[in-house]
Structure formats: C-alpha cells, structure tokens
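Colleague: Following this message is one structure expressed as structure tokens.
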Amino acid sequence: MYHPTVARLTYRALLGRRRAFIMFGLPALLLALSIVVRALVGADDEVANNILGGFAVATMVPLIGVIAGTGAIGPEIDDSSIVYLLAKPVPRHTIILTKLIVAVGVTMAFSAVPTLLAGYILNANSQQLAVAYAIAAAIASVAYAALFLLLGTITKHAVVIGLIYALVWESLFGSLVAGARTLSVQQWALAIGERLGKGGYILSDVALPTAVVLLVAVTLAATWFAGRRLRALTLAGEE
Amino acid sequence: MTQPDTTTGTPPQLTKNIPAQGATDVIHDIGYRHYDGPRLGRAYARRSLYVQSLRGAYGLGRSARSKILPMILFGLMNIVALILDAVAIYAGTMTELPIDYTDYAFYMTPVLYLYIGSQAPQSVSRDLRFRTIPLYFSRPINQADYVSAKYAALTTAMFVFTATPLVLLYLGALLAKFDFADNTTGFLQALVSVAILSALFSAVGLLLAALTPRRGFGVAAVIAVLFVSQGAVSVVQGICFHQDKADAIGWVGLGSPTTLVDNIQSAFLGATPITPEGVEPSTAAGVASLAVCALIIAGCCALLLRRYRKAGL
C-alpha cells in the first residue's frame, strides 16, 4: 500500500525549488511572531491561546494543508504527466495512499511541529496548551491532507476551492453561523485539543465522540473517493 | 493581383514600392505584397492588452468555466449589498444603512483575497507558462507597457469589484430616503479607500503571481501573503489592546496590506477601524501608512519590471 518511488517523486514535487519557500515561510512567521510576543509580553496563557488558536490552527494549518494536499497531485494532473505514473503497474489506491502519506507527513512537519515549538516559546507548555494545539494541528493535518488531495483529483481549481473552504467556510461563515462550525475540520480537531488542554482555554463547538467519528469518516471517505477518481481519470483523459 | 514575373525574379509591384538603394537590406524577399497602410502603434497595442486583461479578469472572452469563479465572487459581493439595501428599505424604522460604506470592503476581505488570488495569476501566469511572453515583446510594446497594462487592468477590475456594491448601497440609501449629504460623503470616502485598496492589492498580487508560472501555486502564494499577514497583524493588535498599548495598534497595522488601507481610511477618510474596539490610529501612523502603501506599490512595480526584463526571452 506504500510505494517508495511514488513517495519520493511526490516529496520532490512538494518541496522542490521555490515551492519550499511558502512552506518554510509560514512556520517561520509563526515562530518569529511567538518570539516577538514572548519578548514583549512575557509568558501569558491567554496570549498563547490567541496565537496558537487564532493564527496557528485557524490560519496556518489549513493553508499548509491546501498547499501540500493539492500540490501532491494537482500539478501532475494539470500538466498531464500523471499519465506516465498511471501507466505503471501500480494500483491507483496505492498511488493515492502514498501521496496521502507524504502530504500528511509534510503538513504535520510544517504545521504541528512549529505549533509545538511556538507553544513552548510562548508559555513553556503551561496548561498543556502547546501539546494540545500541536496534537490538534497534527490531527487536522491528516483530515485536511485527505480532503484537499481529493479536491486535487476532482478539479483543476483545487487550490482556489480549498482556500474557499478554509477562508470563507471556516473563517467567515464559521464566525457568523454556528451551524457551519459543526462541519469544520478545525472544530473537530479542536474538540480533541479541548480534551487535552487545561484551564478551559481551548473551546470547540463539537462534542468529542462526534468529532472523532467525523474526522475518521471524512479522512477514509476522501481517500477512498480520491482513489476511485484516479481510476476513472485515465479514461476521461483519453476521450 | 498580378502574378510575379518569375523570369526576371522581381515582381512588378515590388519594384514600385521599394526604392533602389533600399533593396540591398532585404535579406529574403519572396515577393509578397508589403503593408503600407497606417500602423496603430504602441499605444494601441497597450490599450488592447489592457482591455483584454480587464475583460479576462471577469472571464469575459474566455471559456464558460473560467467565468464561474469571478462571477460567483462578484455576485457574492453584490448580493450582500443588495440584502443590506433590502433590509434598509423595507424595515422602515432605520435612518441610516446598517453598515458604513468604508467598512463594506473590510467585511468582505476573504472574498477580495479570493478574487485577487484567483485573477492575478490568470492574468500573468499563463503567459509565462505557455511562453507567450516573447510573442508580446515581438510586437511594438515593451516590458513597461506590458506591466503597466496588466497592472492597470487588474486595478480597474479590482476597483469595479469593490466599488459596484458601494454604488448599490448608495442607491439603496437614496431609495430609502436616508440623509443625502451624509451618504454622499461616506460613499465618496469609501470610493477613495477602495481605489487605494485596489491599487495596493493588485500590485502585491501581480508581483507574487508573476514569480511562478504555475497558476495554482500563484493563487496559494497571493492568498497566503494577504491572509496570513492580516492574521498575524490582528493577533498582535489584539495583544497590544489587552496589554493596554493602544498607541501601538496603528503602527502594528503597517504590517499587512489590509490593515494599511484600514489605517489610511481611519486616519483620513473618517472610517471606523477594524482594530480591536475600534482604536483609531494616530495621524502619524496614518501618514506612515500612506507612505508605506506608496512604497509597496512602487516597489512591486519595479520588481515586476525587473522580472519581465528576462522573462521567457
């Protein structure tokens, strides 16, 4: 179910050349922000919560998820070099699963790890905030990567649609309509963070069991459907 | 048209058009008729590029599929304005619009980001990717013409995008018979503000989009820069507010394009800031914002020119 060559190619497509700049830029900004804030304000749980919740989990994780998730397959479909990969005797579900594993790994490395570091810089993991947010970010990474990988196989405008979900749905509607929050990867992941963090700083609108079920269901369904899409893709390309 | 006289090697009408001494610099003349009509020149080519790019920013003159996204976003901008109008007109108890003109664009920032993020790359990335840039420069236009036409087109498109809902709001306010002077002032102030916003966002968006030939990647880069910088600035402003350092809020606003425009319109155009609790930036911070804004636009244009000096050649 894991193909090393596909993994290597995907990894290079994601982090090759200039692409890595955005990937490194976002975590670097988070860490810089944390250092500045810590120097100006000192250790403060409220402030740490604002930055980790408002910036790291709400902004950085979905953006990196969009870039890594769609970037793992989108460009290949776009310039139709995917045909050479599909011509090889590798099951389509294996291709998707491998690409998903790489996308999840990259998203986690560039979002969960910096979140943990930022948490330690901001308040030295007081109230378990750093660990809770890092785990929430890691879990969100899996769901985001699966979701945006699926988008990459469905449409050429995957980046735009992914960003519409991340910006308009999670940020804009999420702040206006309470119902939109129950259907948001961010809130599901925060439900797990809520359980781990102390002091009642992390809040989620979704109950923990619902969140876990939805996370697992969305990830599995998106992965399966992406594999299914890839099986149909060749026919559509040759027509 | 007469057949060229193959026995002598020179077609009759060419001997008429080309002076005798000019014939020496013809490398390869296979006898086609020359064009001696009027040539429309650089200005015409630049204007055509401008019009074509402006139409392209709304998907006009392109496939139906590329109309979907800009039209949906444009519709979204206007529908919210129409809803606010409807509320104002039919509620009957109101004396002013439920939203300030200057605030409107800032409530819709995600939509603005998506529009500039999707349309800036479509304007320049495809030319780079399909290597059509050398074809442009084989015409009378030069790099400066190309950059200025693309920039002017995107700024105009963005201005239309942000000003149309304001016009709708204004018409709604007039229909509801709200105070004419108040509304006209607010409307004109907001027009100036969205003009600055359009010029700034287009410069940043166009530069980032021109850096990569991949459309998807350009989209992500533009939105990441606009959205993340605003997110970071808001977080720091929130912290400044809670730490009772309200003076710093305006200065922190220099850190992102959105808050820059917010600073400018709060300082000079009578707007309510989007900062926490609506803390006003000082006049100094407003002047600095204006300067930084001008610097960013000039810098982006200079970098764009540099980018196209070598692009695709």
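Numbering starts at 1 and runs along the chain as it is shown here.
Each Cβ is built from the backbone N, Cα and C atoms, and glycine gets one as well.
According to TrEMBL, the feature transmembrane segment maps to B:68-92, B:104-121, B:151-175, B:187-210, B:217-239, B:284-305.
Describe the structural context of each listed feature in the structure shown, including burial, neighbouring residues and relevant distances.
Modeller: Non-local neighbours of the transmembrane segment (B:68-92) in the same chain are 57-59, 98-99, 104, 107-108, 111, 114-115, 118-119, 161-162, 164-166, 168-169, 171-173, 175-176, 178; each lies 6+ residues outside the stretch with a CB under 8 Å from one of its CB atoms.
Same-chain residues lying 6+ beyond the ends of the transmembrane segment (B:104-121) with a Cβ under 8 Å from its Cβ atoms: 57, 69-70, 73-74, 76-77, 80-81, 154, 157-158, 161-162, 165-166, 169, 190, 193-194, 197, 201-202, 205-206, 208-209, 215, 218-220, 222-223, 226-227, 230, 258, 262, 274.
Residues 49-54, 56-58, 73-74, 77-78, 80-82, 84-86, 88-89, 96-97, 99, 101, 104-105, 108, 112, 115-116, 119-120, 123, 183-184, 187, 190-191, 194-195, 197-199, 201-203, 205-206, 301, 304 of the same chain lie 6 or more positions beyond the ends of the transmembrane segment (B:151-175) yet place their CB under 8 Å from a CB of it.
Residues 109-110, 113-114, 116-118, 120-121, 124-125, 201, 204-205, 208-209, 211, 249, 252-253, 255-259, 275-276 of the same chain, all 6+ positions outside the transmembrane segment (B:217-239), place their C-beta atoms under 8 angstroms from a C-beta of that stretch.
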Colleague: At a C-beta cut-off of under 8 Å, are there same-chain residues at least 6 beyond the transmembrane segment (B:187-210) that contact it? List them, or none.
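Modeller: Distal contacts: 100-102, 104-105, 112, 116-117, 119-121, 123-125, 128, 150-151, 154-156, 158-159, 161-163, 166, 169-170, 218, 221-222, 225-226, 257, 260-261, 264-265, 269-271, 293, 296-297, 300-301, 303-304, 307-308, 311.
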